[in-house]
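Straight from TrEMBL, the features:
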| type | residues | note |
| --- | --- | --- |
| ACT_SITE | His288 | active site, proton acceptor |
| BINDING | Tyr41, Tyr163, Arg198, His288, Arg291 | glyoxylate binding site |
| BINDING | 101-103, Ser130, Gln161, Thr189, Lys264, Ser286, 324-328, 347-348 | FMN binding site |
| DOMAIN | 15-398 | domain 'FMN hydroxy acid dehydrogenase' |
Amino acid sequence: MQDSTLPQVNTNTPQSSRILLNIEDYHQAAKEKLSKMTYDYYRSGADDELTLQDNINAYRRIKLRPRVFVDVSHHGTNSDTCSVTLLNGQTTCSLPILIAPTAMHRLADDRGELSTARAAVRANTVMILSSLSTTRLEDVAHEHQQALKEYPTSKSQLWFQLYIVKDREFTKRLVHRAEKAGFRALVLTVDACRFGNREADHRNGFRLPENMQLENLYDGDLKHAQSDHVSALNDFIARNLDASLTWSDIKWLRQITRLPIIVKGIMTSEDTQLAVEADVDGIIVSNHGARQVDTTLSTIEALPEVVAIVRGMQTKKKIDIYIDGGVRRGTDVLKAIALGADAVLIGRPVLWGLAVGGCQGVVDVFEVLKREFKLAVMLCGCASLPNNGKSSHLVAMPKSKL
């Protein structure tokens, strides 16, 4: 007998429905629904995809050290015990789990980013909209605002992921459009002077369908971002992203916006120190979903050195630390928080949920992770959420094999 409280999906297979219990279940259900080209685009990484696998496997190598006989009864009765406050009090989420910026949601669902924005409201979390979205940022903001009216207790926000391109006037217009539309922070990607070698896209001849385009890029000299090249994305990146960017360009961005600036793509202590000195508001430990340079550290392995630098430097404000890549279980979230992250970002799990069930599928993915995370918090004896890396005793890091 099936549990009616668990999500089910019609996969048009001989077994007409299945219970989806975890993120891998959603992954496999999405694989059956998506075209090979779309699935490979979402799933794949750079080169031999060693880092892609290690982002996930590194979490598995870290072991939890649960404490017992701790009163954790309030976690079962109070829905706010796992909420987090970010950006120095400007943002509140019901869970330390945010929606990472991922491109082209309409490949997974007809309503695409509109469905994801509505799901963010229902999940009471932040959605970071990709510059490479298949829906105009203004339309996403409108959908988000309408959903907030329907769910008035939600404190969901939209943040905007940004690439600084060679045409600075275009970048400035894009930033001002995001500000005007109500986005509450900028997430600047700093690890993409070019796109990595994604062989699956080349094999599949990846391109957007004729009824889709990268909506936020059709402006001025960037209107021809999509082409007949085997990869329209690579074409855009090669011709438009500025490979000469340095940390001084953060100052330029500060001059054109009052929004908080979070940098995405930090993996080393050296770059962490430069980011802090550049007065950023947050750092995302990220290897771009393992889609840029293969054989890098996994993000969870890089997290401790980033935390050590940020927490060890004297700053006038708290600098948030986020991490993406490889989060597939509630225990992964707990490990990241215990090691000092303020929140995690999930990308592919959101796309799997979107492909399976649109807005509801994304909400269901968050419910799965929420259920797993709260259970892990209780079973590990956490009376409150770990914070600032002061709960690293909860985890046992693997010894290096080098």
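Glycine is treated like the rest: Cβ placed from N, Cα and C.
Distribution of TrEMBL features across the structure.
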| residue | record | contacts (Cβ under 8 Å, 6+ apart) |
| --- | --- | --- |
| Tyr41 | glyoxylate binding site | Met104, Leu107, Ala200, Asp201, Asn204, Phe206 |
| Pro101 | FMN binding site | Ile128, Leu129, Ser130, Ser131, Gln161, Val187, Thr189, Lys264, Gly347 |
| Tyr163 | glyoxylate binding site | Ser131, Thr171, Leu188, Thr189, Ala192, Leu241 |
| His288 | active site, proton acceptor | Thr189, Asp191, Ala192, Gly196, Gly265 |
| Arg291 | glyoxylate binding site | Ser44, Gly45, Ala46, Leu52, Phe195, Gly196, Arg198 |
| Asp324 | FMN binding site | Ala100, Lys264, Ile284, Val285, Ser286, Gly289, Thr299, Val344, Leu345, Ile346, Gly347 |
| Gly326 | FMN binding site | Asp54, Asn55, Ile56, Asn57, Ala58, Tyr59, Ser298, Thr299, Ile300, Asp332 |
| Arg328 | FMN binding site | Asn22, Ile23, Glu24, Ile56, Tyr59, Pro349 |
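When pLDDT values are averaged over the domain 'FMN hydroxy acid dehydrogenase' (15-398), the model yields 92. Of all the Cβ atoms in the protein chains shown, 24 others lie within 10 Å of the Cβ of Gln161 (FMN binding site). Note on Lys264 (FMN binding site): other Cβ atoms within 10 Å of its Cβ, all shown chains, come to 24.
Within 10 Å of the C-beta of Arg348 (FMN binding site) we count 22 further C-beta atoms, all protein chains included.
Of all Cβ atoms in the shown protein chains, 19 besides its own fall within 10 Å of the Cβ of Ala103 (FMN binding site).
When Cβ atoms from all protein chains are considered, those within 10 Å of Arg198 (glyoxylate binding site) total 22, not counting its own.
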